[in-house]
Structures are given as structure tokens and as C-alpha cells.
Amino acid sequence: MFGFDNLILGVYLFNFLLILTATYTDIKERIIPHFVIILMLIVNLPIGYYFFGFDAITSFFATLILCLILGVGMGGGDVKMFTALSPLFAAETIYFVPKDISILIGLSALFAAIFPMTKILKNYWKDIIPSSAYLAMLIGIIVSITEIYSIGNTKTILWSYIILSIFISRKIPKYRIISNKLGYITPIYLIGFYLLNPAYFVSENVLISFFVYIGQLSLISLVIYALTGAEISSKKQISDLKEGDIIRDIVTIKENGEVTVENANILKRFKHMIYGEMGKLEGKSLMTDGEGLSDENLELLNKLQNEGKIGGELNVLTTYPFVPFVLVAYCVITLLNMGVINYLVG
């Protein structure tokens, strides 16, 4: 007779292999095979019921409902996978949804959001790092002055300027060039600071704080760059578009039959969506953030192209398979449950 630890370890490993298989097919073909979900259900439901009783069943249905509610941007295969895993994690639940499944969904979404940021950093690091160094230097100077001379209520104004500065650098090239050049003098700032006030430099960890600020400002810059149009996209022929593709363009069909195509960043698309919900837009708009293109959308675009109302290609956002991020998050959850991470950290 298997003990709890051996049996649960075996099931964890079995599910890992299934998710690994789904990761391969998701990368290659953007599908999750049915046999993966079926095998998960065949194993996880009985094992979950054996250990956790009826809680495993309620967790199954509660997770299904949660995934359907959060389903914008989540494919049907992802919903099935999270649901099929849920009976295995029914030991602790929040409103009948396993706590570990909630963390698994959250971590998967977080990893999926962070990964595209690495692409933006790869493309724009020559702007982001120097300007972040300049802003970190500015923060260090102002913070030290306010602390030495006991000046209060400056943080809100300072960080407001920092965020505004990053936005301005995206819109005004000359300002961005100046910010970048100022970033290269930060070594002089650090050396000069140490020579002027070595006691404060050491006691307040100015050097460490400087690099922490650079990290924080780089992350803020990545988010602002993404919001202001640095999303990774490519042009694609309308005839090559597939169901699920997310177009960056806003296609608007006006009441007089005129069609406009606007290459819009995420802020413009969000604003357009809000205006649409408020009924402030003229005509009908096609936006695919979240769920992607449907068969009806593809038919409409091909019709508009055949009628000569739009060009032959649109800007399509680069998206990534979701299951690889689920695999990483699953490894984190299982290692935590097995105490491996706590052992390594502790």
C-alpha cells in the first residue's frame, strides 16, 4: 500500500509529464491534446476523492466556474487543464476553489505577462537602462537632500515627475537623448557623493539604493513602454490570419460605409473600448484584445479586403503559448507543497 507522500509524489510527477507534453504541442501547434486532459481527469478525480473526499468534486466544479469567469484571454484547453488539476489540490480551498489552483492561475498569468517584457527590454535596453540610471541619480540626490535637511512631503511629487519623465521620453526624442546622456555620468555622481559625504554614503547604503532604484525604474519603464506602443507585433496578410490572432489595429466601419484602420497602442485600444461601451463611437469597431479573431471576424476582414475598403495586411500582436507558463507555475506549486523550496530557502 502506497503512503500519502509516495502516492501524491507519483501523481505530481504524472501530471508534470502530461503538462510537459501539452507544452510541446502548445509550442508546436498551439493545441492541448484531448488525451492529456482525459488522463488528468482519470487520475486526479479518483486520487483527489480518495484523499479529500467530496471537497475534490466541489473544487472541480468551482474551478471550472472560476476559469469560465476569468476566461477572457484563456483558451478552452487552459480552462480544462486547470479544472482537471483542481481535485489534486483540494486540501485547502477559498470559496471552494483550491488555494493552490488560484495561485497556479495567478502565477501562470504573471509569467505570461512578464515574458513579453523581456522582448521589450531586448529591443529598448539602450534607452531604458541609461534613462533609469539618470532618474535613479535624480532620486538619490533629492532623497539625500530631503533627509539631510529634514524636508518632507516630496516623494509624491518626485515619483510623479519620474513617471511623467518616462512618458515624455517616449514622445519627445530629444528629451530621451538628453536623459540617456545624463545616465552615463552616474559613476561621477556616485564617486562625488562618496567624496563629499562618505559617512552618509555608507550608513544609508547609497550605492545599493542606486541599483535598487535602477531595477524599479526599469520595470516601470517596461510597463510604460508597453502601454505606449512598444508591444511586439508584425504585419500579416489578411489571408494568412487565423482564429485567435490578436490584431493591434482598430478597424472601424462607419455608418456611411467608410472603413478606417488605425494602428493603436494598448492605451488607445482601451480608450476606444471604453468609448464603445459608452456609445460614443460612430459605426462598428473590430477589436480583438483578449479573445482574438473569431471566424466571423475573419470573414468580415476578407470581405472588406475584397471590396477594396482595407489593405491586404494588418498589424498582429506577437503572442506566446500559455501552457509553458503553466508548467513553470506548476513546478513552483508542487515544490512548495513538497517543502523543497522552504528547505532550500531555510
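Here the Cβ of each residue, glycine as well, is placed from N, Cα and C on the backbone.
Over in Swiss-Prot, the protein carries these features:
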TRANSMEM  1-21  transmembrane segment
TRANSMEM  31-51  transmembrane segment
TRANSMEM  56-76  transmembrane segment
TRANSMEM  77-97  transmembrane segment
TRANSMEM  101-121  transmembrane segment
TRANSMEM  128-148  transmembrane segment
TRANSMEM  149-169  transmembrane segment
TRANSMEM  182-202  transmembrane segment
TRANSMEM  206-226  transmembrane segment
TRANSMEM  321-341  transmembrane segment
The transmembrane segment (101-121) in contact with the transmembrane segment (182-202), cutoff 8 A, at least 3 CB pairs, sep 6+: no
Stretch in 31-51, 77-97, 128-148, 149-169, 321-341 most in contact with the transmembrane segment (206-226), if contact is a CB pair under 8 A: 128-148
Residues of the parent chain within Cβ reach of the transmembrane segment (31-51), under 8 Å, 6 or more residues beyond its termini: 4, 7-8, 11, 14-15, 18-19, 21-22, 25, 57, 59-60, 75, 77-78, 80-81, 84-88, 90-91, 323
Residues from the same chain, set at least six apart from the ends of the transmembrane segment (128-148), whose C-beta lies under 8 A from its own: 121, 154, 158, 162, 165-166, 169, 176, 179-186, 189, 193, 197, 200, 204, 206, 209-211, 213-214, 217-218, 221-222, 225
